[in-house]
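Colleague: I am attaching a structure below and will ask some questions about it afterwards.
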Amino acid sequence: MIHDMANVFLSLEPCNGDQIGYDPMENGLYLSHHKELSYSLNPYTSVLKRNAPTNNMIISTLSNDSGSFKRLRRTPSLGESFGSSTFYSTDSSSGGSNNCSLPRIGSTNSVNSLSLQPGLHFRDHVWALNQRYLAAEAIEEAAADIINQEEENGEGMKLVQLLITCAEAVACRDKSRASVLLSELRASALVFGTSFQRVASCFMQGLADRLALVQPLGTVGYVATPAMNKTDIALEKKEEALRLLYETCPHIQFGHFVANCSILEAFEGESFIHVVDLGMSLGLPHGHQWRRLIQSLVNRPGQPPHRLRITAVGQNIEKLQIIGDELEDYARSLGINLEFSAVESNLENLKPKDIKVYDGEVLVVNSILQLHCVVKESRGALNSVLQVVHELSPKILVLVEQDSSHNGPFFLGRFMEALHYYSAIFDSLDVMLPKYDTRRAKIEQFYFAEEIKNIVSCEGPARVERHERVDQWRRRMSRAGFQAAPIKMVSQAKQWLAKVNGHEGFTITEEKGCLVLGWKSKPIVAASCWKC
């Protein structure tokens, strides 16, 4: 395949006398002397043109009015800057329009021109180059898929192009251009419109928030990124949206089903069993996952366990205890001896001593859509959590995560991948709920929109929605000392899906021992099991 977008995104040529180094805080390359970079740039609009030959609206090119290419200069690297894709601003001295785009690293000359700095390893440069290639692939594939979905709708095509153009302007810190495009988006991206109009409205909000945090062109530095805006919406509205999502969509229920089946298999024939739940199933009320597990333990062949222990890890100890009391009452009514305890801690500060493990009991660890929140640039936080889990020596660790690449170092790559991912989710909601159903609006605006805005507008510690693909999780888990425990229940999972959700668009596939829930071939959630 000829990567039209990649050909632009991946070419970087340093000026004479400059050196390119690797900044682990930025997950990218930086210029040692902060001099101008000269780029060989080509428009990457051929994908859009090829898919919409009759549409005159195209993504902005990188040349100025005279046809000459711009020279971009790099702003100093900051620990909480907006990632590598926003390192570059148009040089005000070059004249011309303010259009700009991302560089690419890919030509033979650019690779040969890398001059390693003392103390840096060549693998750091290779890693950075590879990240740019991966980001470019994400941009091209996501754009092509979205365009293919919308090509029958002329207005949809225009909205796709307008959204991508606005993302480019925001990435380039072109406030005036981005503000104009955001005004156009507000008129087209409707909360109660088509599925793509609705998802575009969420990304428009994220772009507006991100634009408010950057300095105008020609300045150096960034406005500090705020903490994740958990107070932007009432807590009860977000909790209601989560409950509606659980009841309406199979995403979370799929994770609970696969986790419980794997846990039951690990507990087979055991009398003293212990579950450690990281995040207590997203804080859903009533402990749905564990009610089903208790019921399954009662119905399993042979005697029920002598003792079941559940340890919940989370920061809202009062809420966890309420759930625990309800679970203990429910278990007692079924003749199960349940001991519930709660550990008040976030995952990053969790210590092995916080979890009480008794001799002779079989331990499993459950993580439903939790670990991506501790994935950071340095990987230290995640490694710390995995080390704690490893020291507990669980029989299995069940890991359920969003299966998408929203943690790349380059803004446009993340933006396009997220746009592709959430377009599929909103498309599925279109099928499951009527157009003007308030439940759908609550799920989209109070749950998924918050995720989207965090991915698009936040950087540094404030960006916690760092979803990654199952292959990346496989590498992370392997480095942390875990071994894959293949899940062999794809037929059972498909039967479950047909029972709880009759929509044909949802699929379940097996991928290298993991189970993946998707919508029309687009992966949504992946479940995997690991052992020490």
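Each residue, glycine too, has its Cβ placed from N, Cα and C.
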Colleague: According to TrEMBL, which listed range is region 'Leucine repeat II (LRII)': 25-57, 124-156, 322-354?
Modeller: 322-354
Colleague: Near the region 'Leucine repeat II (LRII)' (322-354), which residues from the same chain, at least 6 beyond its ends, have a CB less than 8 A from one of its CBs?
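Modeller: Contacts with the region 'Leucine repeat II (LRII)' (322-354): 278-280, 285-287, 290-291, 294-295, 297-298, 304-315, 370-371, 373-374, 381, 384-385, 388, 391-392.
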Colleague: As a quick check of your reading of DSSP, tell me how many residues in the region 'SAW' (457-531) are helical, how many are strand and how many are coil.
Modeller: 25 helix, 25 strand, 25 coil
